[in-house]
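Structure record follows, encoded as structure tokens.
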Amino acid sequence: MTEKKYIVALDQGTTSSRAVVMDHDANIISVSQREFEQIYPKPGWVEHDPMEIWATQSSTLVEVLAKADISSDQIAAIGITNQRETTILWEKETGKPIYNAIVWQCRRTAEICEHLKRDGLEDYIRSNTGLVIDPYFSGTKVKWILDHVEGSRERARRGELLFGTVDTWLIWKMTQGRVHVTDYTNASRTMLFNIHTLDWDDKMLEVLDIPREMLPEVRRSSEVYGQTNIGGKGGTRIPISGIAGDQQAALFGQLCVKEGMAKNTYGTGCFMLMNTGEKAVKSENGLLTTIACGPTGEVNYALEGAVFMAGASIQWLRDEMKLINDAYDSEYFATKVQNTNGVYVVPAFTGLGAPYWDPYARGAIFGLTRGVNANHIIRATLESIAYQTRDVLEAMQADSGIRLHALRVDGGAVANNFLMQFQSDILGTRVERPEVREVTALGAAYLAGLAVGFWQNLDELQEKAVIEREFRPGIETTERNYRYAGWKKAVKRAMAWEEHDE
């Protein structure tokens, strides 16, 4: 028997599908990535082709093994992490989708959400699903497809159609339709799942008229769900044994498995999650209550805050404003000036996320005087990412009563030392940047490996979580509070911009 030396993580993201091979020391052996098409049928609508998601993801699995010259019988297990909330409906018999995947960013169900609000469901939804009413989550997307594809609701009732988030779709394809499952973290993003009873919520299914027959079975984030024999030489059957939504996988990959530990992922947007242990903390400050993974993949809870514009605002400097040629240049120009010269940039291009949830806010630059140049605006744009992170952290500390000792960070923008130092300055808290930046894939790999005994427990992994650099606050409290007060003033003035005067 060949020694099982590796774990594969499949990381199905919003713009690309990736596969990562790791060894027992959590070193990355090889990576394969394929992008796929973003479909925008109307303004504010976003779709993916589920068959293309599957094609790109399955080919990266074959590629990543070939690249490292590894045969499939050396793989101990496969873990899956995925873009959350994105919704797919398909035929049980043929495996064919009945509609494109409706992506988490898609706003087409805003009207359904308005109806839910008018029907007075906000409190029920917040208390039972942990979420706010927003087109972001899967529930209204499922309803939209059932409303718009003729005969689909009846077919679903007869058990002919299946619903899944991306993890469910991939596993169904990888097991040739034998396994229809999701995990607690992904289920907690559907607005159809009761995070206290850990079961699908009958009232939500009734309100949205979604037949229970089409829903996947919900399982722990770390257990064997089924086997696949796709990819690589040898065609051995490999257990699929870990699933978590991307942000929860990153939280686990950063080993934030104890109450009060938090991470912030700086991608297109920012996602901050704080583990709250075995208690679901109901937010009074505009955050989401969601399910995370405990030390063995069991159910823990987390508070989550989403900032819509982080890396995206640096892309705006590059693509629309033409102030920089490359995202990496932003650090160089930001450090050419001592401060922002009184300027604040509020990047509310698509409204504001947590903790404001104002879809009518718009982007603005405040505090312009004659001495302001391009470098000040670049610096202020970077600083806005750190200010928004503080907004979310303040809400988290208020909700949980926990004072954060250190923030673990990951994602593309953490390579920017200026941003990380300013983040520490404005939070008044240590910021820890890990050696391995692929924490989302790491989380999926850890969950899969723990389930099959590849790793015995998380203690084995603690020593692998090397912090590459720690940033410590370098400004006084009065200065910190003065700057943050300016930010709050700027945000207030950017809010409700789009609301039309009667």
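Here the Cβ of each residue, glycine as well, is placed from N, Cα and C on the backbone.
The ATP binding site annotation in Swiss-Prot covers Thr14, Thr15, Ser16, Thr268, Gly311, Gln315, Gly412. The sn-glycerol 3-phosphate binding site feature in Swiss-Prot is assigned to Thr14, Arg84, Glu85, Tyr136, Asp246; the stated evidence is sequence analysis. If you look up Swiss-Prot, you'll see Thr14, Arg18, Thr268, Gly311, Gly412, Asn416 marked as ADP binding site. Under the heading glycerol binding site, Swiss-Prot lists Arg84, Glu85, Tyr136, Asp246, Gln247.
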For Arg18 (ADP binding site), write down the residues of its own chain that are at least 6 apart in sequence and whose Cβ falls under 8 Å from its Cβ; none is a fine answer. Leu10, Asp11, Gln12, Val31, Ser32, Gln33, Arg34, Thr60, Ala441
Given the binding-site residues Thr15, Gln247, Thr268, Gln315, Asn416, which one's Cβ is surrounded by the fewest other Cβ atoms within 10 Å? Thr15
Hey, of the binding-site residues listed (Gly311, Gly412), which one tops the CB count within 10 A? Gly311
Here the Cα-Cα span from Gly311 (ATP binding site) to Asp246 (sn-glycerol 3-phosphate binding site), rounded to a whole number of angstrom, reaches 17
Find the shortest Cα-Cα separation between Asp246 (sn-glycerol 3-phosphate binding site) and the binding-site residues Thr14, Gly412, Asn416, and name the residue that gives it. Thr14
Could you list the residues of the same chain, at least six apart in sequence, whose Cβ is under 8 A from the Cβ of Tyr136 (sn-glycerol 3-phosphate binding site)? Glu85, Trp104, Gln105
DSSP on Arg18 (ADP binding site), three-state: which is it? strand
Considering Cα atoms only, can you say which of Arg84, Gln247, Asn416 is the nearest neighbour of Gln315 (ATP binding site) among these binding-site residues? Asn416
